[in-house]
Amino acid sequence: WAHWPLPPSAGFVVGHAGLYQALVMFAVAYFIIGMTVLSVCAIATNGALDAGGAYYMISRALGPEFGGSIGIMFFLANVCGSALYVLGLVEAVVDSFGITPGQETGTGVHVLPQSYWYELLYGTVLLALCLLVCLVGASIYAKATFLIFLIVAAVLGTVLVSFFATRPLQVPIHLPNANGTETDNGSFTGFSLSTLRDNLGGKYRVDYTTGQMMSFSSVFAVMFNGCTGIMAGSNMSGDLKRPSYSIPRGTISAVLFTYLVYNLLAFLMCATCNRVLLQKDYGFLRDISIFPPLVTVGIYAATLSAAMSNLIGASRILYALARDDLFGRALALAKKTSASGNPVMAVILSWLVVQLVLFSGKLNTIASVVTIFFLLVYATVNLACLALEWASAPNFRPTFRYFTWHTCLLGIAGCCVMMFLISPVSASASLGFLLLLLLALHYLSPSSTWGYISQALIFHQVRKYLLMLDVRKDHVKFWRPQMLLMVQNPRGSARLIDFVNDLKKSGLYVLGHVELQDLDMLPSDPLQPQQDSWLSLVDKLNVKAFVSLTLAPSVRHGVRQLLFTSGLGGMRPNTLVLGFYDDEAPQDGLARHPAFTSAREEEVPLGFPPLRAPTSPKLLSAREYVGIVADALKMLRNVLLARQLESLDKAWELRRAASPPPTIHVWPVNLLRPDSARYADTCSLFLLQMACVLNMARAWRRARLRLFLCVEAGTMPHAQEEKLRQLLKDLRIQAQIQLVPWDAITRLHWQTCQGPLGGPGEEEEEEEGVVNFPSNTTQVSDEYVCAANKLVLEQSPAPAVRFLYLPRPPADTSLYPLYLHQLELLTRGLGPTVLVHGVSAVTSTQL
């Protein structure tokens with residue numbers, strides 16, 4: 001039935017449900033509709049509307065995934081609704097002019113044969129009439145609906161007068177059954193208290209048009225279709241001159257008017273018509289009318305208007321979907337329009353789908369499906385308004401202010417509850433279909449420029465929770481690495497970026513880059529054009545990282561800026577990761593990275609410059625590089641130096657034969673300070689933690705940790721091993737301990753321990769976790785460092801990656817080059833190696 005209040009729908013409802021339940025149904029239906037109308041009006045007055053109505057509102061508010069999937073559901077709802085009204089009109093026509101069994105052909109006005117195929121033919125003819133009107137365009141449709149409005153208004157006036165003017169009468173009812181025709185008598189009693197009492201309660205019977213037993217949910221499903229016209233105006237948003245003005249006023253007026261009329265009609269029918277008449281003759285108003293032909297014309301006109309309204313609404317939704325290219329070529333045909341802008345192909349395609357639905361036959365068989373679809377659309381409209389309200393975006397300021405998030409939430413709850421009350425199976429199937437569409441659009445649809453409400457909501461929630469993240473409540477039990485990886489050029493750091501992603505353990509991960517330029521000498525910020533390239537790199541490499549770019553006169557100043565400013569609140573980097581400073585020629589690993597092997601060659605660069613030529617000067621000196629490490633330690637940041645990580649083929653290492661599994665070698669002793677070989681200082685424990693974190697990453701779970709314990713003769717190695725094993729047990733770290741004799745190595749140290757800054761007698765005392773590096777770097781010779789490098793290298797089998805202790809840089813900045821030289825000797829030829837220095841306690845044995 002139409003979006004104008006049609007008497008037959010009210011008679012059907014009160015006949016089965018009674019007055020009390022009918023009023024409850026109207027109240028529930030119009031409560032849901034009222035909440036949805038408020039949301040529609042809010043969205044409609046928040047900016048310019050285009051074609052598509054509810055689809056346009058939802059897609060621009062919730063994004064293409066929700067918009068496209070709900071658009072399809074709304075299209076199907078309008079298609080099925082159009083078929084429903086056509087079938088209702090066929091039923092009304094056949095009821096008036098059809099030949100009942102046993103009746104002579106041509107008797108009176110009963111001239112139309114009745115059968116499934118004949119009724120399908122009548123429906124096809126009526127649908128073709130709707131098609132012709134819609135093909136002409138929105139202007140002729142608007143004129144036709146205004147004419148129909150006048151007719152329906154006249155019919156309503158006649159019906160209301162008839163309840164008072166018609167005298168009591170008996171109405172013969174002829175119903176077909178298996179044995180021929182069943183005859184019964186319905187009564188129009190006039191206003192009678194006895195009739196009213198009999199019609200107060202519900203008496204559900206078999207629906208004579210479908211043969212199905214009626215219930216509260218099935219009657220509500222049919223009744224609710226008479227209320228779905230609230231979207232008729234918004235569906236025509238692309239054809240209205242001022243949609244933001246017309247939609248709120250027209251929709252609210254229609255809802256209030258129809259609600260009052262439905263309730264009035266329900267009361268008048270219950271007070272004047274007995275139950276037999278209401279349940280067995282849905283066209284009884286013709287019999288009691290003072291001018292029966294006008295009622296017939298009104299019913300036909302209103303139902304035809306509803307069918308046209310849904311057909312033209314479906315075509316506009318389909319056209320909007322096609323124009324947005326959410327489904328690619330599948331809907332390309334629906335984009336074509338006439339010279340006047342009427343989407344004729346969308347109208348024709350919608351007509352074809354309605355024609356297919358007509359094969360279902362009886363209108364009540366598809367009523368519940370239509371109702372479920374409309375309720376789903378209404379719930380999503382409310383969800384869109386709720387999301388906009390909760391996001392608190394400054395640009396969401398609709399001129400219609402009579403709504404709150406409470407009304408949106410009530411509308412969503414009402415729609416969801418009624419969906420499952422009407423038909424749990426249909427509701428579940430509809431939600432499943434919606435979920436499939438959401439997933440398909442999420443992965444297949446192109447990105448849009450509409451803006452995503454999810455981003456606004458995420459921002460709102462993240463800001464709220466960041467404010468709640470109090471750094472004063474940090475505890476070592478819940479420590480996690482929060483990494484700042486400095487990248488000069490991603491072309492030479494692709495595998496390092498991927499490796500650090502495995503090290504972050506759900507912590508913050510920031511890719512930092514320093515651009516050596518002076519903003520005073522530039523016309524604009526040069527970093528803005530680079531931002532998209534870096535974000536595309538993050539997407540392509542599939543790492544969970546943020547990007548932070550800065551301008552600075554030197555790399556060291558830039559890293560300081562990023563260490564001071566990166567992150568927000570309790571989410572700030574606590575660990576700095578640098579590539580190693582050496583003379584090796586950089587290799588372009590980006591093109592060889594698995595993420596790019598399937599890409600076209602022109603897509604690989606992502607806007608990054610080519611790598612530095614081996615003969616070109618470096619952007620920073622060795623002294624500046626070590627200064628960056630010293631700065632980070634002064635700022636209480638942990639430091640990781642990664643060498644030859646670009647040679648780490650993680651996919652090969654982790655997918656090779658299961659026996660033996662790949663290993664991770666861990667050396668938690670300061671090899672540049674053999675006289676201080678301790679395993680339980682802060683730095684050693686941090687090194688153990690980082691190796692364990694890598695082993696916990698999904699891609700590295702097959703790997704095995706191997707911990708090397710350097711022992712000297714006469715030092716009770718087994719006691720040291722047992723102590724270390726107990727420490728690993730307390731820390732819940734599973735690792736194999738391997739004893740490594742290094743008497744020959746330490747002998748080299750003691751033979752060459754004299755240096756320009758003094759011998760061992762001048763060595764300063766060492767605090768917990770702090771090494772006296774001014775003496776350290778001059779007390780070990782290159783011969784000793786090379787021997788330590790050989791010791792590490794000889795441990796077989798070769799690991800996937802090694803973790804080594806990184807000493808603190810010397811306080812004397814003139815010794816920075818020597819410090820870096822010894823680190824280079826220590827790690828030369830070791831393959832993928834990570835030098836680690838920790839300054840914060842990160843392990844806990846407490847529950």
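Easy rule for this one: first residue shown is 1, then count along the chain.
Every residue gets a Cβ built from N, Cα and C, even glycine.
Here the structure is a predicted model, which means the values were calculated and not measured.
Quick look at what TrEMBL annotates:
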DOMAIN    10-484  domain 'Amino acid permease/ SLC12A'
TRANSMEM  20-45  transmembrane segment
TRANSMEM  66-87  transmembrane segment
TRANSMEM  120-141  transmembrane segment
TRANSMEM  146-165  transmembrane segment
TRANSMEM  213-233  transmembrane segment
TRANSMEM  254-277  transmembrane segment
TRANSMEM  297-322  transmembrane segment
TRANSMEM  343-360  transmembrane segment
TRANSMEM  366-390  transmembrane segment
TRANSMEM  402-422  transmembrane segment
TRANSMEM  428-445  transmembrane segment
DOMAIN    495-583  domain 'SLC12A transporter C-terminal'
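Residues in the domain 'SLC12A transporter C-terminal' (495-583) partition by DSSP class (helix H, G, I; strand E, B; coil) as 37 helix, 22 strand, 30 coil. At the 8 Å Cβ threshold, with sequence separation of at least 6, the transmembrane segment (402-422) comes into contact with the transmembrane segment (20-45) through 3 or more pairs. Remote same-chain partners of the transmembrane segment (428-445), defined as residues 6 or more beyond its termini with a Cβ less than 8 Å from a stretch Cβ, comprise 64-66, 68-70, 72-73, 326-328, 372-373, 376, 419. Panel annotation: around the transmembrane segment (20-45), residues 10, 13-14, 54, 57, 61, 200-202, 216, 219-220, 223-224, 227, 230-231, 234, 237, 243-244, 247-248, 251-252, 255, 259, 262-263, 266, 270, 375, 378, 381-382, 384-386, 388, 398-403, 407-408, 410-411, 414-415, 418 of the same chain, lying at least six beyond its termini, place a Cβ under 8 Å from a Cβ of the stretch. The highest tally of CB pairs under 8 A with the transmembrane segment (146-165), across 254-277, 343-360, 366-390, is held by 254-277. Relative to the transmembrane segment (366-390), the listed stretch 66-87 leads the set 66-87, 254-277, 297-322, 343-360 in CB pairs under 8 A.
Residues 51, 75, 78-80, 82-83, 86-87, 120, 123-124, 127, 130-131, 134-135, 311-312, 314-316, 318-319, 322, 333-337, 366 of the same chain lie 6 or more positions beyond the ends of the transmembrane segment (343-360) yet place their CB under 8 Å from a CB of it.
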